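So TrEMBL says this about it:
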type    : residues                   : note
BINDING : A:20, A:30, A:60           : Mg(2+) 4 binding site
BINDING : A:20, A:60, A:188          : Mg(2+) 3 binding site
BINDING : A:31, A:32, A:107          : Mg(2+) 1 binding site
BINDING : A:32, A:60                 : Mg(2+) 2 binding site
BINDING : A:39, A:240, A:288         : substrate binding site
BINDING : A:106, A:107, A:130, A:190 : ATP binding site
BINDING : A:191                      : Mg(2+) 5 binding site
DOMAIN  : A:18-123                   : domain 'PurM-like N-terminal'
DOMAIN  : A:135-276                  : domain 'PurM-like C-terminal'
């Protein structure tokens with residue numbers, strides 16, 4: 001059983017699973033585990049790891065239109081080195097501060113490989129789910145795509161400073177909150193734009209038609225992309241950019257609401273009846289799956 | 001740096017850390033990671049593992065006097081076998097049902113060793129901390145001690161059925177809630193009674209004097225203990241019983257409040273100025289530490 005089948009199984013037995021975060025009563029909650037080998041390229045500082053791991057969970061709250069109350073992390077490593085642990089806590093605290101959440105520590109455990117399990121909790125009075133998109137609406141993204149793809153190239157080239165800089169992203173909690181009155185469906189782009197569109201399509205029983213030349217691409221991608229095809233790969237498939245992908249019946253109002261929080265938003269196409277197309281061609285449901293790529 | 005030093009470091013940099021659960025606004029949150037090798041003896045079913053891992057987090061909420069809203073878990077294993085995953089979810093869901101919480105799934109990850117990271121969240125309108133005990137008060141425990149020690153002996157003897165039965169405990173959420181108006185300090189006994197008393201003493205700047213013959217010991221301990229010393233080891237040091245250890249100025253009222261929830265509570269001694277004594281002798285600060293003992 002691969003990861004997606006296993007998650008699907010969890011989702012059928014547990015009603016709240018299957019969205020970016022679970023919603024129980026007035027709370028949204030989400031948890032993730034990250035590993036040194038698969039998630040933190042050589043050169044990633046422990047501060048960046050703390051930032052990114054906690055940030056990924058905060059992004060899941062953002063994707064529900066929830067606020068972010070607090071986050072915890074389990075820090076598991078072969079040894080507890082004070083400088084590394086302090087750096088992790090600093091990164092985790094910094095990304096929480098960016099979204100008005102509190103990092104409240106967590107648990108420690110011995111592990112042969114550096115591993116962290118993070119959980120974030122917030123209030124979700126009006127959660128936005130993946131289901132809810134209607135044909136004719138616009139589909140949009142916040143910020144720019146390809147940031148993580150560019151970071152991975154930088155790490156691979158030995159430029160760890162640039163990689164770490166790109167790896168520390170701002171979770172879109174404020175934008176997600178601003179979209180509560182505007183978005184009909186939403187998720188974050190942690191698995192890449194292409195896979196996100198497929199998942200929204202499945203949850204909303206719709207399709208999408210997006211245009212390549214509308215995608216907002218991070219300038220760092222242009223510096224590393226070897227071809228137009230490579231550029232598209234970076235923007236649509238590598239993923240882990242933690243931007244919001246959302247649909248809306250009123251794109252002008254939705255974009256303005258996001259922009260009021262200091263983040264860009266871009267209309268990249270429209271909701272259709274079925275199929276996920278980019279410039280009229282099928283956009284494959286391909287992205288980051290643990291253990292398959294990287 | 002050992003685990004306790006590292007946790008102490010986290011605690012000084014993060015105000016909310018250091019109790020059983022962190023409290024932020026009206027929420028209590030706690031997270032833990034458990035591993036097959038250190039936490040689940042050979043013979044532990046995946047259902048018991050799910051129950052116990054999620055139960056340990058629910059117990060941390062109980063120790064704050066919080067209710068339990070929901071729990072999540074990361075399930076990390078070398079492969080996702082449907083039967084094992086379904087059993088884990090079943091155990092996790094069952095223990096949540098016992099305390100009126102909802103198990104809402106979580107994340108999956110590949111890992112060479114079966115590992116689970118669990119997080120529980122609840123509302124804590126009047127949290128009970130470890131600090132707050134005053135000399136002259138009574139110190140009490142819920143339920144009985146030594147359940148896990150007996151389970152470990154059963155697993156070691158190849159009697160996995162008895163071990164699994166003993167390993168599935170009821171988190172004391174109802175008792176913890178009932179103690180909100182009665183307990184001055186509280187924590188759970190996950191590190192053993194002895195270490196819990198030392199931690200309460202440190203947090204409350206007090207001491208304890210308990211009596212061996214007052215300790216409520218699980219009948220399964222009597223069936224396996226080789227001597228009176230061994231019986232005391234099982235009851236006070238092995239730990240992971242997930243009972244509540246609390247202090248109160250009015251033990252009769254506190255015991256009655258716990259008993260009204262269907263759980264026993266027993267006065268085991270009193271709060272003193274300093275020192276942790278059992279029958280007048282120092283009770284060593286020794287218990288379960290990951291990697292040191294079972």
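Heads up, the Cβ atoms here are built off N, Cα and C, so glycines get one too.
Tell me about the surroundings of these features in the structure.
With a cut-off of 8 Å between CB atoms and residues at least 6 apart in sequence, the same chain places A:20, A:21, A:30, A:32, A:120, A:188, A:190 near residue A:60 (Mg(2+) 4 binding site), listed in sequence order.
Taking all protein chains in view, 28 other C-beta atoms sit within 10 angstroms of the C-beta of residue A:188 (Mg(2+) 3 binding site).
There are 24 other CB atoms within 10 A of the CB of residue A:32 (Mg(2+) 1 binding site), with all protein chains counted.
Within 10 Å of the Cβ of residue A:190 (ATP binding site) there are 21 other Cβ atoms, across all protein chains. In the three-state DSSP scheme, residue A:190 (ATP binding site) is classed as coil.
Cβ neighbour count for residue A:191 (Mg(2+) 5 binding site): 22 (other Cβ atoms within 10 Å of its Cβ, all protein chains included).
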Chain B sits near which of the binding-site residues A:31, A:32, A:39, A:188, A:240, counting only a Cβ gap under 8 Å?
A:31, A:32
Starting from the Cα of residue A:191 (Mg(2+) 5 binding site), work out which of the binding-site residues (A:39, A:106, A:130, A:240) are within 10 Å.
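A:240, listed in sequence order.
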ATP site residues A:106, A:107, A:130, A:190: biggest Cα-Cα distance, Å?
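Pairwise Cα check on A:106, A:107, A:130, A:190 gives a maximum of 32 Å.
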Around the C-beta of residue A:30 (Mg(2+) 4 binding site), how many further C-beta atoms are within 10 angstroms, looking at every protein chain?
29
Do me a favour and check the Cα-Cα span between residue A:31 (Mg(2+) 1 binding site) and residue A:39 (substrate binding site); whole Å is fine.
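About 15 Å separates the two Cα atoms.
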What Cα-Cα separation, expressed in whole Å, is found between residue A:130 (ATP binding site) and residue A:240 (substrate binding site)?
18
